[in-house]
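The compositional bias 'Basic and acidic residues' annotation in Swiss-Prot covers 827-837. Taken from Swiss-Prot, the feature disulfide bond applies to 97-108, 126-135, 257-370, 281-326, 503-520, 509-553, 512-529, 576-624. Per Swiss-Prot, domain 'Sema' is recorded for 22-500. Residues or ranges marked as domain 'PSI' by Swiss-Prot: 502-551. Annotation comment: Swiss-Prot describes 554-636 as domain 'Ig-like C2-type'. The phosphoserine annotation in Swiss-Prot covers 833. Annotation source Swiss-Prot lists region 'Disordered' at 794-837. Per Swiss-Prot, the feature signal peptide maps to 1-21; the stated evidence is sequence analysis.
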């Protein structure tokens, strides 16, 4: 049952995922929006999918492979384009691609997938080429393709959506991709003119892999074993060890030797050194297993004896958005391949296990091993000399039983509610000599996280929004040139260049120290936070404390403050610009902490203070403070200081002259001057109102008279309106006028429509008839009306004689006889009108006075 441990961990992850995810929530201390920081961008119109990046630090040039185009830009400022070349697909190839069921607009194009250095003057470029992959050489001097038109099969995928990876080693391309149109035949190959090699087309070798990364590890110059260079491939594939109803994904690391030449009889033109092992990235205490590999970065540093590779994972059942980063020593992987146990295929009834550990004898030389000094001593100078027994064993046993475990047996970083896509790592040294591995991890929302490990805990220094449209980052590239350190990120819409740190954005020593950024230090002489990798001045006098102890900062002198004047009864908003997401902001007034629950105060955006219904007691000094926990210590910092003064408007005096002043706005200063009207002395201005408009309105001069009775004069000052208020009132007037015009036009339309149809009272119809009396009667209308009268009018006398009742107008029943029609007399207009009036007077249906009578005939005039 030991072999079922990965599956048991995977199933356990489902049960504990929601319970443990809450613990994996490191929050970025600072979040930089796209507009807040200086980012350099590169984008060409109608060009998309900037997924291939290659940096030449010697030439300070960044090569960008996109859809049907390759660009060369200045690596120090990628907005400066140096060269460009286009590689488009012919219309004939597009048509053939479309005939195979592919999209002519999105798939039948040339997506650049391989961009590798071939020599000092040329690049090796491969593209999908409308599902006919092709490769060519790009001359860097003329920046033109040489027209090689090599077959890209096995070097570049057919489908731009399929996974791929490649690395150029001494002029030979090592690639992992699909070998056919359908993408059903995966392959890891070496494209060489003298010794091309590939993997065996068998499920034990590669089972539906998703290729992620490839890199070469050079042999140590002082190695006594005379070992060979090794090329490592990283991918995720469907498990061959276990078989369930659902597919179980396993992250793998595979290795081949650079000096491999294939077998003589067995494994001809196939790898004889291909071995693969499982990568472990899990949280043992919670049972979480991260088994989908997303990206890998190999960290090389002068201080590292053995390279360290960082791998980015997500769980297969990622229903809560978990991502993890694990670090591995390359020596651990080499130990598994050199001395680990093999696995063999077996058939166990009623068991999900399909491969078990092989405990039998292992032939010599060791299967899958590179040719070293020991093999040469046994007269095996090449893989062509290896015995068939060794080659057959490695053909049947490509999978190792031992797994590659991470450093410290735990992930370096676990983050929930985010899907990481790419990773690069930089090793830097702080002022105290401590070395830190700074991880730059991109997300599927276009953001970049910068994180470090501090005493068995991860600290996300900052989050930077690289792309405004929140699109996924497809590739990351890190420059290592001293003095000019940048991160390059490629997406579907363009490339962004970002510095390693935004030290200058920290305005105080406390902010610079609390950031705990190994790239940043505080400079007391200049009172700025400087970037260590960009300064050439000595580090003496700089302040950096990776523990976050802000007490090392010098005591600040009396801090600056902002003074505000508000009107009595108004509302004040005091701003506090605290960027730290880890800090708690609170306000103090007169050495007392304000409570946001009070109806007097409120918080806007969790930082800005709102004070309602201002009074004299609200005048004073307000301080915004931040409280941040760092290593079980609480750091307090004064972020902002405001001095508030509430202006009290004195009540106007009503003897002998009453001045009433009405003001609007929260910030306004007023002066009220009282003038007496004794005798005939001239009056003085009663009111002076000063505001942004500086409005002064004196009262009208009072008429002189002989009466001694005091007169009460009320001088009303017009209200002072702010521009916003006047704009709103103007908008309201325009709105009312628009509504009035709309309903007026609607009324006219309805009126004329009813007038035309005749649906109006008798007075209106008579007026309409009077207007139309002079018009010529249409002949057809008269004939129709004459025929209608013939059919509907009968003699009232005959009708009453037959029934003994009051006569009623005869209805058109459709049974009129020819005799009735012949004997009918065509009445005149006057007779028609008289007869209709008599009929309507005698018979009013439902006792309703019908005012609409033969509206169509009114146009002819009464």
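Just so you know, glycine gets a Cβ as well, placed from its N, Cα and C.
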Kindly report the helix/strand/coil residue split of the domain 'Ig-like C2-type' (554-636) according to DSSP, in that order.
3 helix, 42 strand, 38 coil
Report the member of 126, 370, 503 (the disulfide-bonded residues) whose C-beta atom has the most other C-beta atoms within 10 angstroms.
126
Would you mind sorting out which of 370, 503, 529, 576 (the disulfide-bonded residues) have a C-alpha within 10 A of the one on residue 509 (disulfide bond)?
529
Compute the C-alpha separation of residue 108 (disulfide bond) from residue 529 (disulfide bond), stating it in Å without decimals.
51
Counts of helix, strand and coil residues, the domain 'PSI' (502-551), according to DSSP:
14 helix, 9 strand, 27 coil
Rounded inter-Cα distance in Å - residue 624 (disulfide bond), residue 97 (disulfide bond):
65
What is the number of other Cβ atoms found within 10 Å of the Cβ of residue 520 (disulfide bond)?
26
Just name the winner among 509, 553 (the disulfide-bonded residues) by count of other CB atoms within 10 A of its CB.
509
Whole-number Å only: compute the distance from the Cα of residue 126 (disulfide bond) to the Cα of residue 326 (disulfide bond).
32
I'd like to confirm something. Which of the disulfide-bonded residues, 97, 257, 512, 529, 576, has a Cα closest to the Cα of residue 135 (disulfide bond)?
97
Return the residues near residue 281 (disulfide bond) by Cβ distance under 8 Å, restricted to its own chain and a separation of at least 6 in sequence.
251, 289, 290, 291, 311, 313, 324, 326, 406, 411
List every residue in the same chain as residue 529 (disulfide bond), at least 6 positions away in sequence, whose Cβ is under 8 Å from its Cβ.
503, 504, 505, 506, 507, 509, 511, 512, 515, 520, 521, 522, 523
Given the disulfide-bonded residues 97, 553, 576, which one's Cα is the least distant from that of residue 257 (disulfide bond)?
97
From the Cα of residue 97 (disulfide bond) across to the Cα of residue 553 (disulfide bond), what is the distance in angstrom?
66
Counting Cβ atoms within 10 Å across all protein chains shown, which of the disulfide-bonded residues 326, 576, 624 comes out on top?
326
Check residue 97 (disulfide bond) against DSSP and tell me helix, strand or coil, would you?
helix
Tertiary neighbours of residue 97 (disulfide bond) (same chain, Cβ under 8 Å, six or more apart):
89, 104, 107, 108, 130, 131, 132
Given the disulfide-bonded residues 108, 135, 257, 512, and counting only Cβ atoms in the protein chains shown, which has the most within 10 Å of its Cβ?
512
